[in-house]
Each structure stands twice: as C-alpha cells, then as structure tokens.
Amino acid sequence: MTVTRIGVGGTSTPYDVVVGNGILGELPALVGERAQRVAVIHPDTLEEKARPVCEILRTAGYDVFPLPVPDGEAAKDVSVAADLWARLGQAAFTRTDVIVGVGGGATTDLAGFVAATWLRGVRAILVPTTLLGMVDAAVGGKTGINTAEGKNLVGAFHPPAGVVCDLDTLPSLPREDYIGGLAEVIKAGFIADPVILDLVEADPEAATRPDGAHTRELIERAIAVKAEVVSADLRESGRREILNYGHTLGHAIERAENYTFRHGYAISIGMVFAAELARLDGRIDAALVARHRRILESVGLPVRYRADAWPALRDTIRVDKKTRGATLRFVVLDDVAAPAILAGPSDALLAQAYQAVSGVAPDAPDTD
C-alpha cells in the first residue's frame, strides 16, 4: 500500500492530505489520544461509506456517534447546522473531541463549518469520498453554508487536522459526479500546473475513469496545487484568489439552478467565460480559449449556458465574495499557469463574454 502525504502549511498547525488506497486506518492516529468522542457527519445516502469509518474509530476505543445529514447542497443550510449544534450539545461534545466529515464537498464544507463554530473551534478530520471533495473542498480550510442570497456567504477559515483521500471510494461514484470533479482538476492545470492539461489531452477517456492510467497522478497534482496556494495564503487575502478561476460565474449558475446543477459543470462553464473575458481584455488569444473548450468538452463537461439567463446571473455576480466595494473582480489568465485579477470590467465586456458562452456571439472562437 503506497501512501502519499501532501503537506499543507500556513497555520500554527500544519496538516497532511493523505492519498492512497485502503487508508482509512490512518484515522485513529489523526484523531489522537485526547479525544473521547467522535462525531461522524455524513450524507444520509452514504451510510455504507460512513460505516467503516465508524467501525475503525470504535475499534480504536472512541465513543463514536454518526450524524446523518441531507445529501448535496441541501446540507449547507443554517437549519442543518443548527440541528448538528443541538446534537453535539446533547452529546456533551467538548473542545478536545473531534468531528469527522465523510462525503462529498458539500458535506465536508458543512462538517468544517460546524467544527469551526462549535465551542469556537474543535478539530475536524475530513474524509472526502468524491473527486471534487478530494481535490478541492476538503483541502484548504474554507468552510461554509449557503443563504438565499448566494453560495458560501456564511463561513469560516478553519483548517482541518487532516484529510484522508481513500481512492477506493471513487469507483462507486456516479460517472457524472466523477466528471464534475474533473473540472477542478483541469482548473488546477490552467492556473498552475500545465502537466495536468497535457495528461488530460493525451488520453481524455482515461481521465474520466477512476482506474485511468494517470488518475492518481492527476489527483495528487491537483491537490498539490491547492496545498501550495493555501499554504501561502490561508485567508484569501492575495494569491488564494486564483483558486476561484471559473467560480464567479459558476456560483451564479449554481444559484440560478437552485443548487441542482453540479458544481464542476458550473465551474467548467465559468472557466470558459473567464477565458473569453481575458481574450476580450487582450490578455490571451483565441487559441487558448479554444483549448479551454477542447479539453473540457473532451471529458464530457459543458462549456455553454442558456442565453436568457444573463440578467439574473449578472445580479448574482454583484454579491460575489470576491467583490471589493462596488468593484467586481474576476480571476483570469495572462497565459497557462499565469493567473491574474481583472478588476472592474465594464458591463459591456461582461455581456460580450457571456454571449460567447451562450453560443450566440459572432466573434466566439469556432471550436465545433
């Protein structure tokens, strides 16, 4: 059993993201000797994946209680968080006890948020069971829940005590969810690691399979990109903003679809939008925009969204968490692995970029 440990620093308590097959046995060492109780937060649809986590921790001597929550984005609601706070209180959960989050990105976001807010902060260990969770949501310490006004508007920076990425959980993932996670892998390639793009382009079909020839390398490279960025900028005061490539429009699409649209699918469209913005601003050429479309489409990700949605999307973008005052900020590229911030783009520029994404712009690069 080969285990890879990717260190994440930038805090007084650095931690490892552990990657491998059949590695749930790493959990007791991460929980440690001081904890007596372990709360295992998991989607109510993933009891079979939470069960071995609970069994390993019980065997190690901990008082374990599972806390099922709704699946997906429905879990990231203040009512769900309040219910978990109540159950932690009923269990006399103390500051030395530990919360373990098992599931996809929405579940690990929620588990981290509850850990950050209970008793002003208890340790969290995250066990992502989706590709999206492994390469993005579980790494970096950003936690949050949604409101009616937008996604992740209430949250905290609360780095986990450890992240365990057991690759054995991926083969049972629905294909659409796995492909959605690839959007974040590809994003890491565009903002920091061109080798990721080369690997996907060399064999797109293999990239869509958990047992693909380069699957583990793609996952580890994407995690390493995020680990490096968040180690340098935990609280998103500077460099960490680049991780939001594609997310400004992507989050707006998710809200427009009432969070029923896969995160990765929305981010895929958002990256093409950001690339079109960069092209229109004179930063990149049409060939790089076309490369975005080609790579994303080659693994089954969408690159277009409906034309009539722009007014609602524009209004949502204005409350994006990256906005400074009244100034909109978009992560764009000056080149592959050369991210930058485009601040204050005009409404006309935004509309023109969106026309290209909706497929009706006369100057959109033809990649069909």
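Glycine is no exception: its Cβ is also placed from the backbone N, Cα and C atoms.
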### Message
Quick check on the annotation: Swiss-Prot has His247, His263 binding Zn(2+), so which of Glu55, Glu149, Glu176, Glu184 does it put in that site too?
### Response
Glu184
### Message
An 8 Å radius from the center of the Glu184, His247, His263 Cβ atoms defines the neighbourhood of the Zn(2+) site; name the other residues of that chain inside it, in order.
### Response
Leu132, Asp136, Ala183, Lys187, Gly246, Gly250, Gly264, Ala266, Ile267, Gly270
#### Entry: Distant-in-sequence Cβ neighbours of Thr130 (NAD(+) binding site), under 8 Å, six or more positions away
Gly103, Gly104, Gly105, Thr169, Leu170, Leu173, Asp177, Tyr178, Gly181
### Message
Spatially, which candidate from the binding-site residues Glu184, His247, His263 is nearest to Thr107 (NAD(+) binding site), comparing Cα atoms?
### Response
His263
### Summary
Asp71 (NAD(+) binding site) falls, by DSSP collapsed to helix, strand or coil, into coil
### Query
What does DSSP say about Glu184 (Zn(2+) binding site): helix, strand or coil?
helix
### Task
To the nearest whole angstrom, state the Cα distance for the pair Glu184 (Zn(2+) binding site) and Asp109 (NAD(+) binding site).
16
